[in-house]
Amino acid sequence: GQCGNQIGSKFWEVVCDEHGIDPTGRYVGNSDLQLERVNVYYNEASCGRFVPRAILMDLEPGTMDSVRTGPYGQIFRPDNFVFGQSGAGNNWAKGHYTEGAELIDSVLDVVRKEAENCDCLQGFQVCHSLGGGTGSGMGTLLISKIREEYPDRMMLTFSVFPSPKVSDTVVEPYNATLSVHQLVENADECMVLDNEALYDICFRTLKLTTPSFGDLNHLISATMSGVTCCLRFPGQLNSDLRKLAVNLIPFPRLHFFMVGFAPLTSRGSQQYRALTVPELTQQMWDSKNMMCAADPRHGRYLTASAMFRGKMSTKEVDEQMINVQNKNSSYFVEWIPNNVKSSVCDIAPRGLSMASTFIGNSTSIQEMFRRVSEQFTAMFRRKAFLHWYTGEGMDEMEFTEAESNMNDLVSEYQQYQDATADEEGEYEDEEEEEPEHGYE
């Protein structure tokens, strides 16, 4: 959809830059490290050009035309642009059942072609938004089809949730709830983003007066690049999508993560400022740094993972991370010991001496789902706008199921937020009075 293609093309600009690949696909870099694992994200064509392993899909041609005419438009394989003409009109049912269903087979053909080109396919990365029609409806359709065909491969999504204050469409709560219903069942890891949190970062931290979607996507692409840098560069402590999942997901349904990035600098002012590991760590765990509108201080971390980039001492990284956990022990569940993992990748992003990306599985993410659910219920009680969905062949039952699935998700998060280290409730009452053990 529009959002996913814009974020995705931004991500490829960043990755091309990090690997020294110019807009025509030629290598113009200066370090062997850039080429060592370039094949993870690129296919090498016969004439030595590097072609991204990327597929762009949309139900209308507009956004993809602008990607094609954009700075890196010529680098993508022309066959990998798959689009319809009709648009989904912000309607999940159109994306999932009618318009999207007509286009999905041609998308899957391209997916198969790309998958066959891989020596060892690790998984799929999907960028989409949940508020519109294409990214939410057709995006989740694609995810479920890929899940059918490649059941044992990782499915990682970067999902832009509707924001509490910034709304584009009145039916966002419907589209988002129907999508979450799908993501809970079919995705392995979801990085939750939302525009409002990104706007706040732009205003507060980056001091931008009028942030554009370009600035927001710049933030997202920095995070995406950080999440994937371990796949793309050698490092002292490597990580991949599967290791990430194993370390972050204690219960299969709870795979919605908050992400953060440090150091945050605006596009214009990425000066080479000296950074230290303690500074990075502090900024990375700061709640103002989270790219979704949920406050980690309102919940507890089940697990978290930090990816540091640049030349630094792993010992210092470990010390800082332990330090964070000891100082804020009440924000971590005590029944998962050692629940923060860190990895280090030797290559820093362009223009920075070191950087870090944060991924946290926090129970406070339920705030996002709660908010969407309240808006959903307010409209669904009155059956407002439902005819747009039933007209495409959907049943009200599906709405009810999606609503209860999302409410179940919220209560699961709440249940683990309240859980203590002790077994079944018998000791819980005495437990509350005593100070926590081990943190005195």
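Cβ coordinates are placed from backbone N, Cα and C, and glycine is handled just like the others.
What Swiss-Prot annotates here:
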type	residues	note
BINDING	Gln2, Glu60, Ser129, Gly133, Thr134, Gly135, Asn195, Asn217	GTP binding site
BINDING	Glu60	Mg(2+) binding site
COMPBIAS	420-440	compositional bias 'Acidic residues'
REGION	411-440	region 'Disordered'
Just to be sure I understand the packing, how many Cβ atoms besides its own are within 10 Å of the Cβ of Asn195 (GTP binding site)?
26
Intrachain C-beta neighbours of Gly135 (GTP binding site), sequence separation six or more, cut-off 8 angstroms
Gly1, Gln2, Cys3, Gly4, Gly95, His128, Ser129, Val160
For Thr134 (GTP binding site), the number of neighbouring Cβ atoms whose distance to its own Cβ is within 10 Å equals 34
Using a 10 Å radius on the Cβ of Gln2 (GTP binding site), the other Cβ atoms enclosed count 21
Tertiary neighbours of Glu60 (GTP binding site) (same chain, Cβ under 8 Å, six or more apart):
Phe83, Gly84, Gln85, Ser86, Gly87, Ala88, Thr134
Need the DSSP three-state call for Ser129 (GTP binding site) to compare against my parser.
strand
